[in-house]
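Taken from TrEMBL, the feature compositional bias 'Acidic residues' applies to B:165-179. Taken from TrEMBL, the feature domain 'Methylamine utilisation protein MauE' applies to B:11-142. Under the heading region 'Disordered', TrEMBL lists B:165-189. Here TrEMBL flags B:12-32, B:80-100 as transmembrane segment.
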Amino acid sequence: MGGAQRNARKQKQKQTQAAKAVAAARGTSNDRAKVIVGVIVVVVLAAAVVGGVLYQKNKANQRAEATIAPKHVAAANYPVRVDNGTVLAGKEDAKITVDLYEDFLCPVCGQFEKRDGDKIQQQLNAGTVKFRYHIIDLLNDRSNPPGYSQAAGNAALCAAEGGKFPDYHLSLYDAQPQEGGRGYDNVQLGGLGKALGMGDAFTNCVNSGKYSGQVQQQYDAASSNPALQQDTGQGGKAFGTPTVAVNGKTLNWSDPNWLDNLVKTGTAG
Amino acid sequence: MASVSPRLLDAIGTLVRLGLAAVWLVAGGIKAADLNQNYLAVKAYRVLPDAWVSPVSAAQPFVELALGVLLLLGIGVRAVSVLSAVLLLLFIAGVAQSWARGLTIDCGCFGGGGQVSASQTRYPQEIARDVGFLALAVWLAVRPRTWLSVDGWLRRDQHALVDVPEDAGDADGGTEEEPASPARAQEGR
């Protein structure tokens, strides 16, 4: 009996030792699995961060290398000049003057140009309407990096000085950058001027930011003018782009016939 | 927890894991599809220095996608859930500070984002939603065991390796029911 008991105890001890070894073995293999999982988690997250940043950099670099394609309006036979920080386009004897407030980054301004650009050119050529472009930098901080609105506004005024405003204006809207994306820098804005046949005076004007201050002033003046505030559609009133005004009164440009009606009646109604 | 069947808890945990994975995949996917919009959304919080807005807005959608994929596959569920909870707390803090400072923004949680008019802000709803997601993350951080996970597969794999001698020794007193955590394996000896 005694011997059997001792044997049993020995047996039990052996088993315990075996169990301990197993436990130890399991501990290490579990650690290894944990390390593997940890490495996977870290690698996947690091790849996400690095990949995201590189992807965005790459997209921005592509935009930086892009050139703005020159576009031409159908024969413009009306004078254009810079007038006190605005661009005044149209024949002197035109009876109606329309004030346009726009920002080259503003998507709705792009849609407006697409829809009504040709009609506006027709009226300018016909000599019925003068257009005063208030080019403002409302969305100056909405490009990445910020500053496109102002740079584009400055360049457009430079183009007015250089005699190519209608083409320049059309080209910028035709190749309009997205909000939140990279805009065009002065090199690209200067390149468009060259492609449209302007010389060093234009390039210098762009690079020196000759009209940047006036673009900003136009924005300050417009946004603080109570007559230019419009319903936002959500109960509030605010200034936004595009805004169309005649004789200091805003006009509902979302009606596609606004210009025809204006020419017919001669007033903002 | 002991009074509730572990199988039920596993089932709930699995749903929680897949639910949180779906949240991250959808949120990250929408943002990744429009990084420009996400730049505006991140910028609108007015928290980060200008130089950080761009890289953070570029990386964030892919981090969310990564968390979603890891949760979907069940890789490192506890760690990923803790990270999810941290990220959600940051989002809640971001929305709360916008609210407190009187900014009028959309959180951009699932795309969109940026400035909105004062009457369009939905801060309480946005915070409530994020708190709901945070609850999912906390569940998984506390109890990461779920079905159909790589974590579980790795555990079972080890268990199979060591089960044979264990059964032969019969030293374990029938804890086979729970293929178990490391602490479990070493206790009672």
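Cβ atoms here come from the backbone N, Cα and C positions, even for glycine.
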Other parts of the chain folded back onto the transmembrane segment (B:80-100), taken as Cβ under 8 Å at six or more residues beyond its ends
20, 24, 44-47, 63-64, 67, 70-71, 107, 109, 121, 123, 126-127, 130-131, 133-134, 137-141, 144
Determine the mean pLDDT over the domain 'Methylamine utilisation protein MauE' (B:11-142), rounding to the nearest whole number.
96
According to DSSP, how is the domain 'Methylamine utilisation protein MauE' (B:11-142) divided among helix, strand and coil residues?
105 helix, 6 strand, 21 coil
